[in-house]
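Visitor: Okay, so TrEMBL annotates it like this:
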type: TRANSMEM; residues: 59-80; note: transmembrane segment
type: TRANSMEM; residues: 110-136; note: transmembrane segment
type: TRANSMEM; residues: 142-160; note: transmembrane segment
type: TRANSMEM; residues: 172-189; note: transmembrane segment
type: TRANSMEM; residues: 218-237; note: transmembrane segment
type: TRANSMEM; residues: 258-281; note: transmembrane segment
type: TRANSMEM; residues: 323-344; note: transmembrane segment
type: TRANSMEM; residues: 371-391; note: transmembrane segment
type: TRANSMEM; residues: 403-424; note: transmembrane segment
type: TRANSMEM; residues: 436-456; note: transmembrane segment
type: TRANSMEM; residues: 468-488; note: transmembrane segment
Amino acid sequence: DASSEEPFTTYFDSKIPIPEDETHSCFSFRKLWAFTGPGFLMSIAYLDPGNIESDLQSGAVAGFKLLWVLMLATIIGLLLQRLAARLGVVTGLHLAEVCNRQYQKVPRIILWLMVELAIIGSDMQEVIGSAIAINLLSVGKVPLWGGVLITIADTFVFLFLDKYGLRKLEAFFGFLITIMALTFGYEYITVKPNQEKLLKGLFIPYCQNCGTPQLEQAVGIVGAVIMPHNMYLHSALVKSRQVNRANKREVREANKYFFIESCIALFVSFIINIFVVTVFAEAFFEKTNADVSSVCVNTSSPHSSLFPSNNKTLEVDIYKGGVVLGCYFGPAALYIWAIGILAAGQSSTMTGTYSGQFVMEGFLNLRWSRFARVLLTRSIAITPTLFVAIFQDVEHLTGMNDFLNVLMSLQLPFALIPVLTFTSLPSVMNDFANGLFWKVAGGVLILLICSVNMYFVVDYVRALNHVALYVGAAVLSVIYLSFVAYLVTRMPLAFLATWAHCWLITNPPQVPL
């Protein structure tokens, strides 16, 4: 009985069966197709408007020089997603449900609030990204707040697509990813980036003549790519496949196919990200406001006032990015860009809502109706977004985007530390607990990511230039680091438990006859 096995089961009414393939024991395309879906939904977090904005800023600020950082961040993200997927496959519980069982009430509530903050921050970027796309497509006739309301309404409609079957829902997400590939691919073909510089930027880890802006952009790429709530999402999505967890062969097979699918999905998202970075690297690297302003005036663009006639380096976001593409490459480039951003915003808003549902249900063990759960999780995430859209102008959202990136960077330990801890515990993972290599590699990766993101946060706080804000940041830092330290103390216990488990296997106690 599924309900007795999985008391926390959420919106999956039925599970997709995995076909038997007797003719291909090592690898089967039929089985890979059956497992295909969760990885592509997970990969949408690598294509959300926050990532697209990070990509275009990377190209405009550093040219092709930071492509290797994007590739490295994507590979690190893949390895961490592997841990999240394994947790869901082996235990039949997603990360929030495991946290509910493993942590005491107070740390569990704090952890939930931290992850909820990350989801709200991500959701604000995604919904506002969709609203900006609608504003561009309507030639400014639909204001930002109107675009937010449209996004909220159509998200509710699309969220209930899974009532017609999970495969149809996954196909719809595949369709949105295809739109992104075609639209950003069109920009890539139109701009024709230098292929030699592209390959050099990808495979030679260098950044010649780079300064603080380029370093900050590199840190921003890592923060934008690796999303905390995506760990919770992926560990839940893999539960949609019918896997007999009592059968080790089936579990091992599921882990293999989910990893292959994740590799394919993240490769597709990586190519799309490359399209965006290289377009802006080729066309707008080292351009000044005056350069862009003169081109926009000559093409009679209605947005030419966005760029003052000075010699400051061009600063772009997803709104201005579409405008400059339109000035240089014609209106078609602007509208096709906006369609791509709309697909990115709409798809990531939907997966963000699923993340919110899984996190809230898992941590709080909610047993509400489907509509009530969607309404609550959507309201929590959407209310601050609507306020921002009402009181903020569409042309002045870059500062808020920087703040949201910092907010999500701070939440990363609250996903990475639990997922490494639980996947290393034999009491949770049984024979599928992490080996020594994955523990050490995972620990080093988490330390590296958290260090990089803390640099990003410190740099942001230093730029505030206000004593009261410094004091507030210091107090919050002490509280924050104390809770991170609490989570970290659980990691050595997990590693010791694994060591003890292995020692008992190799040295079983002698029972006297």
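First residue shown is number 1, and so on along the chain.
Quick reminder: no glycine exception, Cβ is built from N, Cα and C everywhere.
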Visitor: Quickly jot the same-chain residues contacting the transmembrane segment (218-237) by Cβ under 8 Å, restricted to those at least six beyond its ends, or write none.
Guide: 10, 37-39, 41-42, 45-46, 50-51, 53-55, 57-58, 62, 66, 69-70, 73-74, 76-77, 80-81, 83-85, 87-88, 94-96, 115, 118-119, 122, 207, 262, 351-352, 354-356, 358-359, 362, 405-406, 408-409, 411-412, 414-416, 419, 449, 452-453, 455-456, 459
Visitor: Among 59-80, 110-136, 323-344, point out the range having the most Cβ pairs under 8 angstroms from the transmembrane segment (172-189).
Guide: 323-344
Visitor: Can you tell me which parts of the same chain pack against the transmembrane segment (110-136), counting only residues 6+ beyond its ends and a CB-CB cutoff under 8 A?
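Guide: Counting only partners 6 or more residues beyond its ends, the transmembrane segment (110-136) has Cβ contacts under 8 Å with 45, 48-50, 52-53, 96, 99, 103, 142-148, 150-152, 227-229, 232, 318-319, 322-323, 334-335, 337-339, 341-342, 344-346, 348-349, 352-353, 355-356, 359-360, 363-364, 380-382, 384-385, 388-389, 394, 397, 400-401, 404, 407-408, 411, 414-415, 418, 483, 487.
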Visitor: What parts of the chain pack near the transmembrane segment (59-80), using Cβ distances under 8 Å and only residues at least 6 beyond its ends?
Guide: 46, 193-194, 197-198, 200-208, 210, 213-214, 217-218, 221-222, 225-226, 231, 262-263, 266, 269-270, 273-274, 276-282, 284-287, 313-316, 416, 419, 441-442, 445, 448-449
